[in-house]
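**Student:** Please read through the structure below; I'll follow up with questions.
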């Protein structure tokens, strides 16, 4: 934001000066056309205007020299301002001389010598303006252009300006100093033309163009001024002053543009004006020859004057133009080859037999870290390669039949770039000198890949050695672990055999105890039934005690049956006989049994008679449902209990639901494990062994079903099991 403020200030200054300059120019032109009545008016108005315009251009160029950055541009504006100050001093002295003489007419005086240092300073300023050289393949074409344009310009200057003035000066007997301003202007013109032909027009700064136009405006006024000095004398306040005023205005405008042009360091795009300038540079020699010939022809045809100088110059320039076209044709062909070389992506160069570089392409400049071809042209090849000791050997081998090898390219910053260099001889034509063409291929990526590959190989070798060491250590550890595992396996096998024997002993013991308990319990139960149902008149208290004993004997009998069933299941000796069953009929005995239960009024049955048949063992089915109901009565002190069944897509689901406190979600997966009780404290309030739900799971799974438990949304727990429907088993061939 801050960097753009000076540029904005310069833009506003230029915009504000435009209308002022236009008003000043219009007023001055009007005064030149309709004023100038009195001699004193011409002296003061004309002289003051010239002094003001000269001082303005000098002040602005001095200001521009201070505003631009250090370097050639500041030197250029400094020398230009010095020349303009000298010329402004000459204008002031001329005005003072006219005022002192009280005469508008001024003849030649020694004060004209002030023009010489001013012109010299301006020439130095023009030469110091930064510019880029004109891109040319050869110097011969440029030499032809300079010769043709300079000769044509000098000839035209002589025919148009110098010869008439010289004739007038000779006839009037005026001093030779009359030709001094015009001669200096012609030298300035030649300098401008030379700079224009030697420079790349796309790189010329815009202020330099305005400076050139201002100096050309000076030329026309100086031409008229010289003619008047050779004749009646110079009169201030005439139309010839207009060229000086316009020239000062153009120089002032160039000075205003100087800081802005420096801020815009990037060259402007190739617009229409610059394209015309490029074309003018190419056509200027031809136009010069045409103008000289046209002037000679017009002078001969219209005025009948035959000028042998103009004729001979025209003939010589014509021959030079023909030779120039031949040179340009060769340069165009060479430029095509050069473009072909420049378009090659690989660094390419051409050197002479001594190894001096004669042609380099942009790829080589980029690889070596240079920006301009002139930085390398003419330098020996050994300064660009490493090692430099064998360069002459490579060149000799390349000139004989070619050479190829890997070297290092020395970059401008001192870094080394690995390349594959190929040298091939360029055979001379018509006895020309032998040359050498070289092509370099950048090996940086290849070298990096090779280094990375070598590093990978070394890493692989190191990893392989480490892996082999680890394998050796692992084999030792595996052998140790294998020995430990073998020993542990032998111990486990011995322990397993002992556990199996212990389990067999346990099973036999449980079976023996159960069998031994079953007979006494049966006898005791039968005796109590006889006492209770034999018509004996027993006291009420005794009958109640016998009934309680009978219930405990039945519970103990069921526990014994459960133990025997578990033992048989674990031993694989429990016989199950799956058969098609209708649940309503198969569960009728169990339903009848629970009608005698002390809390039978809480039990609700919902076993539809039209349920599809299931494939199950009737005794196992009744045992599983009995344990679910017994579990519900144990853990639900009040509320209703439902025993219900319903058909599903492929199974029949049997449920026992209650209105109790529900189940802990985290304990549901453990409910059907052996000896698991949800709360160890229940053993004090609810009598049980944790085997009921386990025997349910074992029986249902033995029949091909599944069990589960869940909480009801309305409260309470629901235990269920599924049995496959008969048709589903039939589809699987059961």
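Don't overthink the numbers, they just go from 1 along the chain as shown.
Heads up, the Cβ atoms here are built off N, Cα and C, so glycines get one too.
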**Student:** For the feature transmembrane segment as recorded in TrEMBL, pick the matching range from 20-37, 308-325.
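**Tutor:** Of the candidate stretches, TrEMBL labels 20-37 as transmembrane segment.
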**Student:** Can you say which of 43-65, 77-101, 142-162, 210-230, 276-297 has the most Cβ pairs under 8 Å with the transmembrane segment (113-130)?
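**Tutor:** The stretch with the most contacts is 77-101.
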**Student:** Is it true that the transmembrane segment (142-162) and the transmembrane segment (77-101) have 3 or more Cβ pairs under 8 Å, skipping pairs fewer than 6 apart in sequence?
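**Tutor:** As far as Cβ distances go (cut-off 8 Å, pairs 6 or more apart), the transmembrane segment (142-162) and the transmembrane segment (77-101) do not touch.
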**Student:** Please indicate, using numbers and ranges, the residues of the same chain that are 6 or more beyond the transmembrane segment (276-297) and have a C-beta under 8 Å from a C-beta there.
**Tutor:** 134, 144-145, 148-149, 152-153, 155-156, 159-160, 193, 196-197, 201-202, 204, 270, 307, 310-311, 313-314, 317-318, 320-321, 324
**Student:** Could you tell me what the rest of the chain brings near the transmembrane segment (77-101), counting residues at least six beyond its ends with Cβ under 8 Å?
**Tutor:** 43-44, 47-48, 50-51, 54-55, 57-58, 61-62, 64-65, 68, 109, 111-112, 114-115, 117-126, 128, 211, 236, 244, 251, 255, 258
**Student:** Residue counts in helix (H, G, I), strand (E, B) and coil for the domain 'PAC' (403-455), per DSSP?
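**Tutor:** Tallying H, G and I as helix, E and B as strand, the rest coil: 12 helix, 27 strand, 14 coil.
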